[in-house]
């Protein structure tokens, strides 16, 4: 067996130097280069979907539907949009000028940042790797992708496919774990895009600060679901289930983390959830082929610890079965766990779902407000005033009313966090903007130069300049006519 190549600080430095040379030579800036790379990404999606599905099955036990729809199809949509809109995105945006600069014209130019680093996550290893790369390439950057070592089959396939199809002078993949990531983070980048936990997000931000490198941090948090009694119970329950257990078995950054409802309504909600869960996954959901497994034994043990805590284990009202050998945990519903328990203190990122009961739904706003701002917040209700208040007053990366997680499929909406759930946003044109510098450009004429801005200064010049800067045409005429 060949020895694994060492990738340390020297190798990372050489890599960045090579890519920066390509960027400085203008390799990535042209429209044709960008389009060519995007089309090759589409070929990867079209020609290698079975391999992608197989890799996701190896890494996470994902069912084919989840892999094809939530990873490959979403990537196709992102690529199609970029190919369709790229000329418009690249075109300078006209900007208004003022009396102060007359005669002049102005525009905002989207300029590529340079050499960027994308560090992706294991839970959606293709979507969360390639989607930011689409934005980086569309914006004209050279890019290094560091996929997650926790999804080894996906990481290996990503490396193989991107090396096979994309321009190696400007797009590279670095596999590895902490050593390789640390070596990459020592380098000076023009932007770092990270998807993962807030714990590692802090490490990324600290490393970026040394070089004043801007970052996009796509993190997570405890995304709440508020369920009003004035709702369609069956539809509500089905959407919560598919948004929780039907999205990588709860291992998703926008997964429902806990439910808030009233004490009176909770029994109906729980009974309905039990009924639909059995319809979806059978009497023994651990054996269901339609549910992903836990990514590895470390995460399995972490989730088991949340579930086995003394004040929590007796709160299970559904599920709780575990199979460590096959890394399976059944969908588990818990009722009224303590607010200071581990399960309510950290992001769950798995198939456990606490339900907290309240005297009235008004209290849900206080519970959400008392915690760090989540990546997503969800509400199920027919009540128009409640919808409006929730959208207006709950601070989260995104709000969805009467569904779960579907907002991330809309390229017209920015996807990103706020506060501890992240910073920056992407998807659609927001991805292009995330990897662009919006450069202000002003064109002035050398004709019609006025002495009013030059010394020696006078009261008349002061009045005239104030009128110009204020863009007050009436005052300007008064000054010119000697009336002011």
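Glycine is no exception: its Cβ is also placed from the backbone N, Cα and C atoms.
Feature annotations, reproduced from Swiss-Prot:
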- 123: site 'Transition state stabilizer' (SITE)
- 196, 197, 198, 199, 200, 201: NAD(+) binding site (BINDING)
- 218: active site, proton acceptor (ACT_SITE)
- 253: active site, nucleophile (ACT_SITE)
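Structure with Swiss-Prot features highlighted.
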{"residue": "123", "record": "site 'Transition state stabilizer'", "Cβ contacts under 8 Å, 6 or more apart": "60, 248, 251, 252, 253, 295, 349"}
{"residue": "196", "record": "NAD(+) binding site", "Cβ contacts under 8 Å, 6 or more apart": "119, 121, 148, 218, 219"}
{"residue": "197", "record": "NAD(+) binding site", "Cβ contacts under 8 Å, 6 or more apart": "219, 220, 347"}
{"residue": "198", "record": "NAD(+) binding site", "Cβ contacts under 8 Å, 6 or more apart": "219, 220, 221, 347, 420, 421"}
{"residue": "199", "record": "NAD(+) binding site", "Cβ contacts under 8 Å, 6 or more apart": "none"}
{"residue": "200", "record": "NAD(+) binding site", "Cβ contacts under 8 Å, 6 or more apart": "194"}
{"residue": "201", "record": "NAD(+) binding site", "Cβ contacts under 8 Å, 6 or more apart": "194, 217, 219, 422"}
Fewest neighbouring Cβ atoms within 10 Å: which of the active-site residues 218, 253?
218
With H, G and I counted as helix, E and B as strand and the rest as coil, say where DSSP puts residue 200 (NAD(+) binding site).
helix
Other than 196, 197, 198, 199, 200, 201 themselves, what residues in this chain have Cβ atoms within 8 Å of the centroid of the NAD(+) site's Cβ atoms?
194, 202, 203, 204, 219, 220
Can you check what DSSP calls residue 253 (active site, nucleophile), collapsed to helix, strand or coil?
coil
